[in-house]
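Trainee: Here it is, the structure in full.
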Amino acid sequence: MPSVIVVGGQWGDEGKGSIIAYLALHDEPEIIARGGVGTNAGHSVVINGKKYAVRQLPTGFMQTKARLLVGAGVLVDPEVFFYELEHLKDFNVAERVGIDYRCAIIEPKHKEMDRKNDYLHGTIGTTGSGCGPANADRVMRVAKQAKDIKELEPYLTDVAAEVNDALDEGALVLVEGTQGFGLSLYYGTYPYVTSKDTTASAVASDVGIGPTRVDDVIVVFKSFPTRVGAGPFPTEMPMEEADRLGLIEYGTVTGRRRRVGWFDFEMARYAARINGATMLAVTMLDKYDKEAFGITDYDKLPRKAKEFIEEIEERVGVPVGLIKTGPELEHIIDLRENI
């Protein structure tokens, strides 16, 4: 069985959480591992009308048969970790989760630095979660690791070993990234970026998967890209236009209103190339065409929605395998058999 990596192709908030949740329930992976930066990105998913948001744990938590892992490349905030264990207790998460013992720790001092730094908080628009300062300490080799925190001892493991053992045994491993391509420290709109790379290559490294062991890379785009905080946004629309179209969203972590823009085909093509996308996922198609809401059969999509998907495939050069047509998990069109 393969390893599948899911990453964002825009500035985060693409709907990765809903795609990961669907894959977790539909494909039933044995392991769901989280890569990415840390608690500065929130993934949300709607289950039976109830919205769940996670910042530390894998978004595929609702697949109760899966082992949930947090890779060594991810920053861990113990306060957030234990809050989410309690928040998700109905899913028996505490019995299934493992944190790599090498994860660096976000301490209160890191969050304070993040929020009080005028440049980071005012100019860049950081989430204030402490990830930047914690990663800086990690680079300087002074950050604490998960193995140094006594409360985390019951959850410590070697994630890289677990993941590779699972792949050796033919298990399916689902790996989720955070944020999006436009926020990559290397390839994003620097300096208005996050504190590390966010591409599929980096996410694979975060959990200890070598390049030759990655089978599929799904890059997620939403019909109207959004951005929280400062930084270039070439296709941004006026807030009044977003209001008129009903495109009003708020960040999962910051609570700040998201800036909204038109779909950027050039950026999408570049993101797909750098991430090595084998397929694309398009979310919020119902925002682009309200008549597409809740449809689960591609042939039943209205013409406007179909033409948009076809244009994405043609201009980006990668097939669309998954399409979200609403907020619920079942609001999805799965075209992977056709790829």
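Using N, Cα and C of the backbone, Cβ positions are placed for all residues, glycine too.
Here the structure is a predicted model, which means the values were calculated and not measured.
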Trainee: Starting from the IMP binding annotation in Swiss-Prot that includes ASP13, GLU14, GLY15, LYS16, ASN40, ALA41, GLY42, HIS43, THR127, ARG141, THR194, ARG256, which of GLN56, GLN179 is the extra site residue?
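Mentor: The candidate from GLN56, GLN179 that Swiss-Prot ties to IMP along with ASP13, GLU14, GLY15, LYS16, ASN40, ALA41, GLY42, HIS43, THR127, ARG141, THR194, ARG256 is GLN179.
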Trainee: Among the binding-site residues GLY12, GLY15, GLY42, GLY255, which residue has its Cβ surrounded by the fewest other Cβ atoms within 10 Å?
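Mentor: Looking at the binding-site residues GLY12, GLY15, GLY42, GLY255, the Cβ with the fewest others within 10 Å is that of GLY255.
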Trainee: Provide the number of Cβ atoms within 10 Å of the Cβ of ARG257 (substrate binding site), excluding the reference atom itself.
Mentor: 14
Trainee: Would you mind reading off the Cα separation of SER44 (GTP binding site) from ASP13 (active site, proton acceptor), to the nearest angstrom?
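Mentor: Pair distance, Cα basis, whole Å: 9 Å.
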Trainee: Under DSSP, is GLY255 (substrate binding site) helix, strand or coil?
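Mentor: Looking at the DSSP assignment, GLY255 (substrate binding site) belongs to neither helix nor strand, so coil.
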Trainee: Quick one: Cα separation, ASP13 (active site, proton acceptor) versus GLN179 (IMP binding site), in Å?
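Mentor: Here the two Cα atoms are 7 Å apart.
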Trainee: What does DSSP assign ASN40 (IMP binding site), in three states?
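Mentor: For ASN40 (IMP binding site) - judged by DSSP and reduced to three states - the answer is coil.
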Trainee: Checking the contact step here: among the binding-site residues GLN179, GLY255, ARG256, which have a Cα within 10 Å of the Cα of HIS43 (active site, proton donor)?
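Mentor: Qualifying among GLN179, GLY255, ARG256: GLN179.
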